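Taking it in order: structure first as structure tokens, then the write-up.
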Amino acid sequence: MELKKLLLFVSCLYFVFGASIRQVHSDFGLNAIELIEKYGYPVEVHQIHTDDGYILETHRIPHGKNNQNNALRIPVLLVPGVVCGSADWVNMGATNSLGFILADHGYDVWLANYRGTTWSRKHETLHADVNKKEFFDYSFQEIGAYDLPANINHILNATHQENLIYIAHSQGTASFFAMAASKPEYNNKIRIMIAFAPIAYTTHMEQMIFNWLSSQENLDLFNEFVDKYELYEIMPYSPSLSTIAQTFCNDDSILQRFCAEIFYFISGRSIYFNMTMIPVIASNTPAGSSAKTFSHFAQLSIANSFQKYDYGEVINEEEYGQSTPPKYDLRQVTSPVALYYSDNDLLSAVTDVDRLSSELSNVVVKKMVNGYNHLDYLWATNSVQMLYNDVLEQIKNYS
Ligand SMILES: *[C@@H]1O[C@H](CO)[C@@H](O)[C@H](O)[C@H]1NC(C)=O
Ligand SMILES: *[C@@H]1O[C@H](CO)[C@@H](O)[C@H](O)[C@H]1NC(C)=O
């Protein structure tokens, strides 16, 4: 909070002393719903209750701009990565955003927002700001156990369909594998699962902060720090952050390159990243997550295993009826899976994807997207040619 205030103050000074903003993108400051409306698409807002009381907001683009309303369409559920939300599939304009492209190709597009992110900070009995410890007590495990089934059931019921196409980025793939491995009945509800930058095993991640966290000693420090300062919620949506991005990362700012370096630090360098779009991305992202999420991913790396959260022997006994966390059995994932991965991704490592691929039951596509960093799957200038055209071909076979 203090750091944010300081940055805000510095950005005010920057405003006053000479910086003029001539070149901020006209999509700056728009949220998911506003972006969808601005580009001329229909939008619906759905409130979905999970079995453990969270109230999730899912955004729907029921059809494309020039399609008729009444045709039968196959639903596609888009599930983002950690600290991302519905906006991240529609913030690259009409021709480069996968959300819009799918709608124009005749699909019924549903954009999920996880528990704890901007639109889904709601619960039947808990308050996200008052009961932070309980509210943010989740990782991809609970998302897979509750949020995804709730979304899938809601969509199938609303559309009178038996199955849907699932497309996810990063954590959206980990939570899918967790769901399909522990609730195998959901495999039948999936026509095909498309995974961008797949995450299950995290052992070979190269990102610096994650590497630091992936030692038991540092992870203990992190967890103590989180408890001491009650930092259960991590990187929530912040209007001041988007103001800072508008000020420092626009096309006229000498600091724009530095802003891009932050993205590269997180995800790997990219020659496909359009820096002009940084203020638009920062208008909605980061959208929030839980400290436990990062702790769980670090545990996976330390244990060299894809498994449930490790609470320590005593609580593991209570939670799982065994002293160690149960491993997810990836052979139970029988839905057709398409894996898109890269050798330039600091978070989704080739070795880890190969191991995942060898354990899944039904991998139908495994493609290297050359040169992509972790975020290019959403925001690269050439994502249509490099990725989305191929995805459209693959899902056509299951439509
Ligand atoms: C299923 O959809 C109908 C409307 O089509 C609605 O009345 C009902 O509450 C829904 N059921 C669930 C479990 O969402
Ligand atoms: C970057 O984004 C801007 C604004 O949308 C666009 O005008 C420009 O063509 C993009 N650059 C590339 C290389 O795609």
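All residue numbers here begin at 1 and follow the chain in the order shown.
Cβ coordinates are placed from backbone N, Cα and C, and glycine is handled just like the others.
If you look up TrEMBL, you'll see SER170 marked as active site, nucleophile. Residues or ranges marked as active site, charge relay system by TrEMBL: ASP345, HIS374. Positions annotated as domain 'Partial AB-hydrolase lipase' by TrEMBL: 34-92. The feature signal peptide is assigned by TrEMBL to 1-18.
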Requested in this report: Can you grab the distance from ASP345 (active site, charge relay system) over to SER170 (active site, nucleophile)? Cα atoms, rounded to a whole Å.
Outcome: 11
**Report entry** Rounded Cα-Cα span from the residue listed as 'active site, nucleophile' to HIS374 (active site, charge relay system), Å
**Finding:** 8
Query raised in the report: Where does SER170 (active site, nucleophile) sit in the DSSP three-state scheme?
Result: coil
Query raised in the report: Within 10 angstroms of the C-beta of HIS374 (active site, charge relay system), what count of other C-beta atoms is obtained when all protein chains are considered?
Result: 26
**Report entry** Protein Cβ atoms within 10 Å of ASP345 (active site, charge relay system), excluding its own
**Finding:** 29
**Report entry** Mean of pLDDT values spanning the domain 'Partial AB-hydrolase lipase' (34-92)
**Finding:** 94
Report summary line: Cβ atoms other than its own within 10 Å of the Cβ of the residue listed as 'active site, nucleophile', all chains, total 27
**Report entry** Mapped DSSP class for ASP345 (active site, charge relay system), helix or strand or coil
**Finding:** coil
Query raised in the report: Would you list the DSSP helix, strand and coil counts for the residues of the domain 'Partial AB-hydrolase lipase' (34-92)?
Result: 9 helix, 19 strand, 31 coil
